[in-house]
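Asker: Input: one structure, supplied below.
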């Protein structure tokens, strides 16, 4: 019954959006590639928990970076989140819902009406979105039950990236391997529902912690990318910005072996994606399709002749698929240091994704702009963010400090639960689709 209900909700979002959600689980994976001859250096000795200076006094309650540059994530409250459900009814995951998305009951009509009332009563509603807004596009979040942190993942910090050519090579190898899939990810009904509400004037600017640009793909116009975007690359010396796809092409030219390895895996992934689609059409779940395991390693990834002649070694024909991360790279067993990364063509400086890494600060002008939007808002709607990162949490605090209501559409605990005026635990796609289709919000906001 739940399956049918959710299916009806996503049909409201349009056949095109529904098709996007049928992207197979295989689409989020790439080859474990790029062999490393210096991987042992990553296992550094234990360092005392001395922390770099941050902007919030309570250091124990936030993500932090050690003096050696390593990242330490703040954990969510320990009590497990149990979604409410009717007795005798157990939630089952529909075949079209990616494993990255949480499994929760549908939003109630009362909750939906409450959200609609909030948008109607406030003239200037700002939206703040986080990783939970993109999980239905098969991009994992960080802190959810199936999030990146649950696998032991630790994102590279600003200090690590800038302080080591080896770490930069490893980072760009992972990013290169994951980019072709990440750039093709499509927006889901959450992005499209918010874009529709924005076009009709029911919500204003969308401030997002995400770097995937899915809000823009979904049709939103006024978007503030708080943490930047992976779709750009910036020189850390002269601040020259280039398009990420242009940089991807440069990496392909410099690393032909890696290019061939990725292309080979892409063809395998596409074949298995089609098999998954056919299985679903026959009423099977994705588990009915044999999952391949890429247990292959690229012997060389540089531009040498050897790298072109002997790219992939598959000892047993089995392959192990790596995991996509929220920033678009993939987790590789051995991301090698032989991966060639070009310097800035203008000044020879270090090239870095146009993204605020952990351990870095938001640009002052961007931070000030977000605070101004939050402080002047008549209401704030948070979608898919636990607000554990202080740069987001303080925006919610700014709205509340101005006497304006705060509404949360987030699955699981957040840092602002105790000060929220309304909290809804539902899929972002379902909630935003139904909200945009609410009878009171179907026409443009009166001027």
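Backbone N, Cα and C define each Cβ position, glycine as well.
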Asker: Name the residue range among 49-75, 76-102, 103-129 that TrEMBL annotates as region 'Disordered'.
Answerer: 76-102
Asker: Measuring Cα to Cα, tell me the gap between residue 227 (active site, proton acceptor) and residue 235 (Zn(2+) binding site) in whole angstrom.
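Answerer: That separation, Cα to Cα, works out to 16 Å.
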Asker: What other residues of this chain sit with their CB within 8 A of the center of the CB atoms of 235, 238, 344, 347, the recorded Zn(2+) site?
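Answerer: Leaving out the recorded residues gives 236, 237, 239, 240, 343, 345, 346, 348, 349, 351.
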Asker: Out of 238, 344, which of the binding-site residues has the smallest number of neighbouring Cβ atoms within 10 Å?
Answerer: 238
Asker: Can you work out the mean pLDDT of the predicted model over the domain 'Deacetylase sirtuin-type' (105-447)?
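Answerer: It averages 84.
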Asker: Where does residue 235 (Zn(2+) binding site) sit in the DSSP three-state scheme?
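Answerer: The three-state answer is strand.
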Asker: Within a 10 Å radius of its Cβ, which of these recorded positions (227, 235, 347) has the fewest neighbouring Cβ atoms?
Answerer: 347
